[in-house]
Structures are given as structure tokens and as C-alpha cells.
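Asker: Would you mind keeping the following structure in view while I ask a few things?
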Protein chains: 2
Amino acid sequence: MDGEKKSAGILAMDIYFPSTCVQQEELEVYYGVSRGKYTIGLGQDCMAFCTELEDVVSMSLTVVKSLLEKYQIDPRQIGRLEVGTETIIDKSKSIKTWLMQIFEVYAEGPARPTGGAAAIAMLIGPNAPISFESKFRGTHMSHAYDFYKPNLASEYPVVDGKLSQICYLMALDSCYKHFCNKNENFEGKQFSIFDADYFVFHSPYNKLVQKSFARLYFNDFLRNSSCIEEAAREKLEPFLNLSGDESYQSRELEKASQQVAKHLYDAKVQPSTLIPKQVGNMYTASLYASFASLLHNKHSTLGGQRVVMFSYGSGLSSTMFSFKIQDGQHPFSLSNIVNVMNISQKLELRHVFPTEKFAETMKLMERRYGAKDFVTSKDTSLLYPGTFYLTQVDSLYRRYYAKKGADDTTVIHANRSFVNGH
Amino acid sequence: MDGEKKSAGILAMDIYFPSTCVQQEELEVYYGVSRGKYTIGLGQDCMAFCTELEDVVSMSLTVVKSLLEKYQIDPRQIGRLEVGTETIIDKSKSIKTWLMQIFEVYAEGPARPTGGAAAIAMLIGPNAPISFESKFRGTHMSHAYDFYKPNLASEYPVVDGKLSQICYLMALDSCYKHFCNKNENFEGKQFSIFDADYFVFHSPYNKLVQKSFARLYFNDFLRNSSCIEEAAREKLEPFLNLSGDESYQSRELEKASQQVAKHLYDAKVQPSTLIPKQVGNMYTASLYASFASLLHNKHSTLGGQRVVMFSYGSGLSSTMFSFKIQDGQHPFSLSNIVNVMNISQKLELRHVFPTEKFAETMKLMERRYGAKDFVTSKDTSLLYPGTFYLTQVDSLYRRYYAKKGADDTTVIHANRSFVNGH
């Protein structure tokens, strides 16, 4: 993919999330918490999870294979492969190396229990319908212990929930400040949230996205943006002199800013919240699953519009950047991307587990975590066709995968080697 | 660092390895193996290791801080930070986030027991004395279980030694083939090992580097290179019809090819083997530690020369590429880079541990692996000045570091946050 590099960005994408999920309101009952704690407090509707048949490798195999097939991309056209994940299976062996099996087709053709699970594949190239406005990037990184996984033998993280939220909002403030400065330097006028059509956030739970957009609104107020209406200005006035720390902790500010920003949230943010609310926390895939939701909901009207993206990883590393949308030619048109992702049908075809069965599955997964010498269930009836799944972990911890499907049941062997030359 | 991008490459580098090491010939006695097994069989002289005071984070802090100081680089000039490591401390939190503490200084100014330990920092930019010849890159990736770390609770890998070596040599063959093809397409004449002045290899142990260079020689022979002398041709003739698999297993071929390539190995490879033989397997840092050795030994005569690099990671992913050397201006001259790295003195100042004391240290490290709630020894006398070291891991697994040095003893706190805007 040499040649001209104008309008580099996303040419094509596909998304995968497990076909197995559990309802958040049933989890509230099962765990005996107050009604609304997960559905309103976190703003989440449903949560996807992996059974013993799936993991980060199988989901990556599934979505990459699907992307290549559905857009009829010749693997030899791919110049560079990047894999981003937070969930590791091997401390040394790269997930890229498992994916090499897909790039072998020249000739022949559960992640974590609490949270959610999904994988996104994207093709990046020139003349893209979804192009990076790279001059407007704002970045913030710092050293924090907000969410981390130091116990290597456990699949669960150490989380400081309150710190985690403050870190996220501080990073957001900082990125937005840099992003605004860059915009103002280039455009010669003040930037505000009115200068973008949509805002898409990394979404550990929906409530944080609501708070985040309100926080951007509060930032515009503090920056004396002329776009903030008088009525809103009056409601936010009492919080003008809060210190930074105080402002992150103030429930009153949170409430007031969400209230005045609500109509803008509905227009500029809500269309991107579908998958995160239905699937849960997807970690590395979260931001792009939100973006996929926006495409799904608004693709016919996105031409010429600007989408601001906020990427966040605990620890912490964050960036705010923007896309300019200009519809492309088939197969890289927005409508084709939406057809390929087929989000409605994927959501409809899911199997909602009763909570007891979900809890049982999670117990099995805990025992299986880091284990060796076992085979998984032969029953793959719950998987979508075309899904890769784990069949066995042998006595040397080597993992074996197969692909569900009538025509192309493929067993992936360990140590199968091939050439991928560029 | 915007502007012209001609001759992008390495502007500056520094290397760090622990000041603590053990002699390989003493290890032969201690472990009761045959004399020469490690020193000749593996080709290794000495092995560096981390005591309880050091880990992958402290080594990264040490070498990045040193690079910035010694070349007087303003952290705000750095547009992008990349960290490559195989050894993780947290499954989620990026080592980059710990390094943010170094980029905060605007105002003020055995890792694994078997193997080795080191860290390299490099500044990449335009108009570099060590520039990438990017059009000649040859890449090979595949899925293999040659060396991996699936047991998340253990610091030790699973290694299939024989498979690991075959994977390495197959990857080398494949990369060399692609690299030669690229060269031949651009230059219009056959490429051979005589067309490069030096070859630098990823070096898990020196013996594999000897075998690898001999393998390139054998490749040139198979490709009918006119540069192979008649006498050598006769010695290799008996192996002409071996299958690929047979050729990887043949001890006779290994011996014959090493013998005929020996004089070229001494000239083109040996100068890059100093640090790997003295420090051991440095994993991600291995290739650049070898390159640092070449700079150290040959910097005054490298101008105008071409260096071929072979990068390898188990699992597996490998690339062959080349550098063109054109000496730069201070502080980015080869002689200054060599002065900064100061390899001779670093090697001389090391503390050679008797094997019993080494074994004791390793036992402590095994108990400490993945542990929490402990403080480390207050005795930092063995560390070089300026070295970062681990002081404590608290009950929430948070790691605390300090820096040795009279003027600038700095305690690194958890959760210290700051802005790094670009």
C-alpha cells in the first residue's frame, strides 16, 4: 500500500463480541445489590463474556479473518500488522504470531469474566473514508496505580475505583486543553464542543461517558466559551472557583454539568454508546466499539462531519484526536462497513444466560485460568458461524484452536510455520 | 522533531546492564556440567543478573534518564516514546507510564536468573549518523511454540531448545532471501555477504550467532554466489542436496560451513559479540547491545559502511534490515556515542559474584517474584551511581523506586501525575 498518503485513516472495519451475555438487571438481583446500581449507576444494560471456548486469541483470529474475507482483502496487501490488547495469555509470545495462521491462507484459503469482551479489526490506508486529522492531537501520559494487574497468577485486576475515575477525568481535561490549543493555533478561533459533531469515548461503563462529556462542557464554561448559554452559565457559576481536585470530587458539579449538557449528550454522544452498554467494558477495543456504534446509528448522515475520539488506558496513557468523515467507494463506503459489521443482527442473535449459568461458567473459567492439559467442550452450538474457538491446551501449555463452519472447519496446529515476506 | 525526514535513524544511544555478574566457567563447576559446556558450547563468557534492587522498570528508568542527561536532550523535544520488552511486571500497566516520571523533570533537570539483563535507550530522528536503509527490509513471522511464558505465576519460560534453534535459522533463511531479493531489485546485481561490512544478530547465546553467520554463507553458496571461493565450494558441495529440514539438523554442515566462514566471521561479526558474551541473553535489548559492541570496537572506521541487522523474537517474529553509517556532528557523532556508552568502564566496574552468592540471590528473587509487601536491602553499594533501584513493593503491589547518587537522590512516588502534552 505505497503511493499517495493523503487522507490516511480507516478504510474498513469489523467487530466481534461473544454470542454469550448476561443482563445487568439480573446481575443486580443475583449479587443482591440495590436495584439500578449497574443499570443506572454504571449505565450498563448487558454484558458479554467468553465461555471456555473463547479467549483473546480466538477473538482476534475471528475478527481478522472476517475482515479479510468480507472486504476481500488479499493478505499480501497488508504491509504492517498491529495488535493492541490488555489481556495476555503468554508473557512472551505475541498474539500477532497466532494471527500469522490467517496470513497463511495464500494457498488454502472468554476473555475476562467481569467487564465484557470484544475484538475489532481495522484496515488502515490512504484515501480513507474515516481520516485522521493528525494536526489536532492532544496527549497526556502519567504514572498512576488506578487499575493494574500485578498478580500474574490472577485474571483479576487491582482497581482503585475512585482514583481511576479521577485519573480518567484529569487525563480528559489535559487532552482537551491540548486539543483545543492545537485547533486554535491552526484555525485562529476558539474551539468548543460545538465545533465537533460527535464525541466518542473509551467506555469502561456508560456513566463515566456521561460524566466525561459534561466535563468537556464544564471546560468550555471555564474557558469562557461564547457557546455556553446564559441559563447554563448561571447553573455552573457556583463551581467557578473550585480547585481542580475539588471539581473532580464534587457531586453537585457532576449533577449540574450533566443536566445542562444533557441535550448535547443526546445529540453528540448517545449514538456511540450502543455496543458499550450492551457488551460491557472491552478495554483496548472499547473506543472503536463506540465508534462502530456511531457508524451503525448515523452512517447515512456522517459525510463531511467531524468526530472527536478520546482514547484512555489506565496506568495511564490517553489521547484526544479527531476523524473527518468523507464517504468512500465500495467496498470502503460507510454503508458497506455498516453492512459488514452487522451489529443489529449480532446483538439479536446473542444468547442471554441466566445468572446462575453465568456464575457457573465463570467458576470454570477461574479454574481454567493459566491451567494446562485440558480439552474444552465439544458443544459449539452457541457460537456464531465462522468463529474461532479454543479446543485444547496441552501439557506444554500449547493452545489449539478450530473454526466453526460447515465449509471451512480448520484446525489450527501448534508450530505450523510459513513465510510472510515483505 | 518535524521537518525534513532524510536519513532517519539512530541519533544517540546509551546502554545499561547490571553491575552484578557471574562467570560462566564458574557456573559450569557449580552446576557440575562438563567443562566448556557454557563457555564453548554456548560461546558465553559471563552473565549479568539483577539483584533484588533492580528490575525491568528500574533498568528502563536508568537508561532513559542517562540518555537524556548525557546528550542534553530536552524531554519536550521527544515526540514519541516506544518501549519494547519481553519481561513484564504488570499485565496491564505499561512500562511507558513509569518512564513518565523522567519526562516530569522539566524543572529539575537477574531480571531473569538464567540469561542476562540489560536495557538500551535510543533517540531516533532525521539526519542520523546511523540511518535505516528502509527499502531493503526482509520480514518473516510465524506461529511457533519455541520459547514462551505461559505460566503467568512463574518467571521461567517453556523452551524447546532444538525447535528454538531451527525456528531461528529458518527465520534467518527467509529474511535473508527477502533481503537479498529487495537488494537485487534495487541494485540490479546479486547480493552476497560480501556486500555488507558487518552483520549483527539477535544473540541469545554466542554459538547461535556463529551458526547463523555460517548459515548465511551457506545460503550464498546455494544461490551460486560468485563470491564463494573454490575451496569453500568443494567443502559445501556434499550438502547441496539436503532438504531444508535436513540442513537444519546436520552437524556436519554446521561444522563445515562454520569452518569455511570463519575468517569472514572474525572480520564481519566478531566485533559485535562483546556485550552479549559478557552479559548474556538480553532478549529485546540483545540486537542493539550487539550493535553497541560494534560501535564500541569499530567506530573510528565505520564511516560509509553498511551494517546488516537481524532481529528475532520467539513465537516468532523476525526482520533483517540494514544501516548506513555516516558520522554525525557532536553530540551525535559516533565517537561521542561511544564515549557516552562507556562500555569498557562499565564492564570493568562490575562485581563478579561467586556462584554460591549468585545462587542465594536467585533464590531470593524466586521468592520475591510476583510478591507484595516487602522492602529491599538498604545496601546500594554495588550499583553504579545514577542507577534507579526498587525500594519497596507495598501491600497493593505498588512499586517504589529511588535513584542512587549524591546530588539527585530522588524518590519516585506512586500516583504522581503530570502533563506531557504534544
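From the backbone N, Cα and C atoms, a Cβ is placed for every residue, glycine too.
Quick paste of what TrEMBL says about this protein:
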ACT_SITE  B:GLU86  active site, proton donor/acceptor
ACT_SITE  B:HIS202  active site, proton donor/acceptor
BINDING   B:SER164, B:LYS207, B:LYS211  CoA binding site
DOMAIN    B:6-104  domain 'Hydroxymethylglutaryl-coenzyme A synthase N-terminal'
DOMAIN    B:130-404  domain 'Hydroxymethylglutaryl-coenzyme A synthase C-terminal'
Asker: At a CB cut-off of under 8 A, do any of the recorded positions B:GLU86, B:HIS202, B:LYS207, B:LYS211 come close to chain A? List them or say none.
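Answerer: Only B:GLU86 pass the 8 Å Cβ test.
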Asker: Could you put numbers on the helix, strand and coil content of the domain 'Hydroxymethylglutaryl-coenzyme A synthase N-terminal' (B:6-104), residue by residue per DSSP?
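Answerer: Computed counts for the domain 'Hydroxymethylglutaryl-coenzyme A synthase N-terminal' (B:6-104) are 38 helix, 15 strand, 46 coil.
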Asker: Under 8 Å Cβ to Cβ from B:SER164 (CoA binding site), same chain, six or more residues apart: give me those in sequence order, or none if nothing qualifies.
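Answerer: Within the chain, B:SER164 (CoA binding site) has Cβ neighbours under 8 Å at B:ASP146, B:PHE147, B:SER314.
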Asker: If you skip the near sequence neighbours and keep only those at least six away, which residues in the chain come within under 8 angstroms of B:LYS211 (CoA binding site), Cβ to Cβ?
Answerer: B:GLN165, B:LEU169, B:GLU254, B:GLN258
Asker: What whole-number Å value do you get for the CA-CA distance of B:LYS207 (CoA binding site) and B:GLU86 (active site, proton donor/acceptor)?
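Answerer: Pair distance, Cα basis, whole Å: 22 Å.
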Asker: Rounded to the nearest angstrom, how far is the Cα of B:HIS202 (active site, proton donor/acceptor) from the Cα of B:GLU86 (active site, proton donor/acceptor)?
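Answerer: Between the alpha carbons of B:GLU86 (active site, proton donor/acceptor) and B:HIS202 (active site, proton donor/acceptor) there are 14 Å.
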Asker: Long-range same-chain neighbours of B:HIS202 (active site, proton donor/acceptor), Cβ under 8 Å, sequence gap at least 6?
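Answerer: Looking at Cβ-Cβ distances below 8 Å from B:HIS202 (active site, proton donor/acceptor), excluding near sequence neighbours, one finds B:SER286, B:LEU287, B:SER290, B:PHE310, B:SER311, B:TYR312, B:GLY313, B:SER318.
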Asker: An 8 Å radius from the center of the B:SER164, B:LYS207, B:LYS211 Cβ atoms defines the neighbourhood of the CoA site; name the other residues of that chain inside it, in order.
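Answerer: These residues sit around the CoA site: B:GLN165, B:TYR168, B:LEU169, B:PRO204, B:TYR205, B:LEU208, B:VAL209, B:SER212.
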Asker: Counting other Cβ atoms within 10 Å of each Cβ, which of the recorded positions B:GLU86, B:LYS207 scores lowest?
Answerer: B:LYS207
Asker: Taking all residues of the domain 'Hydroxymethylglutaryl-coenzyme A synthase C-terminal' (B:130-404) together, what is their mean pLDDT?
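Answerer: Mean pLDDT, the domain 'Hydroxymethylglutaryl-coenzyme A synthase C-terminal' (B:130-404): 93.
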Asker: Rounding to the nearest whole angstrom, report the longest C-alpha distance spanning B:SER164, B:LYS207, B:LYS211, listed for CoA.
Answerer: 13
